[in-house]
Amino acid sequence: MQFSSRERLKHARLAGDRREQYPHSLQFYLEPPTESISLAEFESFAVDRLKLLKVVENLGVSYVRTTDIYKTKLVAELRKLKFPYKALAEDDYEARRKDHISHFILRLAYCQSEDLRRWFLQQEMDLFRYRFNELTESLMQKFLGHVNLSFEAVGEDLKNELVNELSSSTPGFTVTKVKEQMFYKVGLADAVDLFRARRVFIKDGFAYVPFKEIDVIVLNNYRTKLSKALALTARSLPSIQSDERLQPLLKHLSHSYVGPDYSVQKNTGKISLEQIDALSVKSFPLCMRQLHRTLRDSHHLRHGGRMQYGLFLKGIGLTLEQALEFWKKEFIRGKVDADKFDKGYAYSIRHNYGKEGKRTDYTPYSCMKIIMSNPPGQGDYHGCPFRHSDPELLKQKLQSYKIPPSGITQILELVKGMHYQLACQKYFELTHDVDDIGFSLNHPNQYFTESQKLLSGGRELKKELNNSGNFQQKNNSQESINSSSTPTSSNATADTELEGLDAYFTED
Ligand code: SF4
């Protein structure tokens, strides 16, 4: 491509300006972006960062963060999603811009509750840790200067003078090692954690911190800044929520998942009602297994359960006729007679299939939606057992499903750390006897599909891959965000309609 000298100048100026805007591949995200972006870009940046943070979460509980496998997998994801992955790359303006903007979008979406804030903070911290530790020493210095954390390096003379004190006060540092490593003088306020853990030498109000511990200080600083920023953002949320374009987008980001859209089913009608009992044991995630068992035992499910389970069944392939037969057979074995079922419940099932009311073809709920919204109350069985069950009850349930004690311990540990979807992945591994499920779980229907794939020895693989071509960004029919520039979102509409459905479920 040929440029005139004027164009070349314009081009160079643009490149220069861009480098100035993002002088480092890494940042503390102190300044929000001010440029205008389209809603489509807004959505795609946010979804990509969410994908990245999910991978960060997954890797964080599967591998030690300093291992090569952790780093290799993370860098592969960063490259795939076009986020900065090479600290020295000069031409990654677009990646840095995406990193900056997407962080702020998710900050808006994930400041809305304590649970969301905690999750976001944890993943952003892990991502930052990895990137910071990948910087060369000179880039680290440059970055520290940029974020006003430049610490004074201890000169060779002073280091030699203090070598014995530094060696005895810094765990793991022999005299030789002290001589080899750079040490920095850090104000006590910045080194509280190291000071408390007795990991540094203190003199005249300064901690003498070895280079390898600097990341602790930087991370603490980042954590404090980000958690304050999240709290502040939460306070300004009411004004953001009044923006009718942003509100539905943000709501769905925090409830969103990044995976195939299960509203379009290619296997509709391929499952018979007789298969459901066996499938519920082999291939249903715990949330759906629990709902199915309750339905069989008590011949009834309350509203939340019927919505969650009914849409899941629709997602695995039950036709409307099958759904009507399935629910009716079960309900009339309880306290509901056929007439009452036809009048009270059949309408809502047809509604789920888009045959009544506004004729929306409802999408099965994602894990995030189940975990984050409409928690179960007394007498309810919907929700996510990893999130909503008492740990002791969860333990008993897992024992009754013959999960080995070591597996139960691992699951409960993940639950304790609030990694509910990872706990569910562990449950999948244990019930399918595999070491690594090889996918990131985001949706109960994904659990079912992957289970069927595995149990059928991969016979369904090709078909499923074809099915999963309708990824969220491509198929924004309902669960994901509407990327069109029109202010209304199909999601928002769908949600409003789902909420409106309550009217049809007056009988619990
Ligand atoms: Fe169901 Fe998802 Fe919870 Fe698993 S993590 S039990 S699939 S909601």
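Every residue, even glycine, has its Cβ placed from backbone N, Cα and C.
According to TrEMBL, the protein has these features:
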{"type": "BINDING", "residues": "CYS287, CYS367, CYS384, CYS424", "note": "[4Fe-4S] cluster binding site"}
{"type": "COMPBIAS", "residues": "475-495", "note": "compositional bias 'Low complexity'"}
{"type": "COMPBIAS", "residues": "496-508", "note": "compositional bias 'Acidic residues'"}
{"type": "DOMAIN", "residues": "278-448", "note": "domain 'DNA primase large subunit C-terminal'"}
{"type": "REGION", "residues": "465-508", "note": "region 'Disordered'"}
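Everything TrEMBL records as a feature, shown here on the structure.
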residue	record	Cβ within 10 Å
CYS287	[4Fe-4S] cluster binding site	28
CYS367	[4Fe-4S] cluster binding site	24
CYS384	[4Fe-4S] cluster binding site	26
CYS424	[4Fe-4S] cluster binding site	26
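Averaged over the domain 'DNA primase large subunit C-terminal' (278-448), the predicted model reaches a pLDDT of 92. Report note: the [4Fe-4S] cluster site is defined by CYS287, CYS367, CYS384, CYS424, and the residues of the same chain whose CB lies within 8 Å of the CB centroid of those residues, excluding them, are PRO285, LEU286, ILE370, ILE371, PRO385, PHE386, ARG387, TYR420, GLN421, PRO444.
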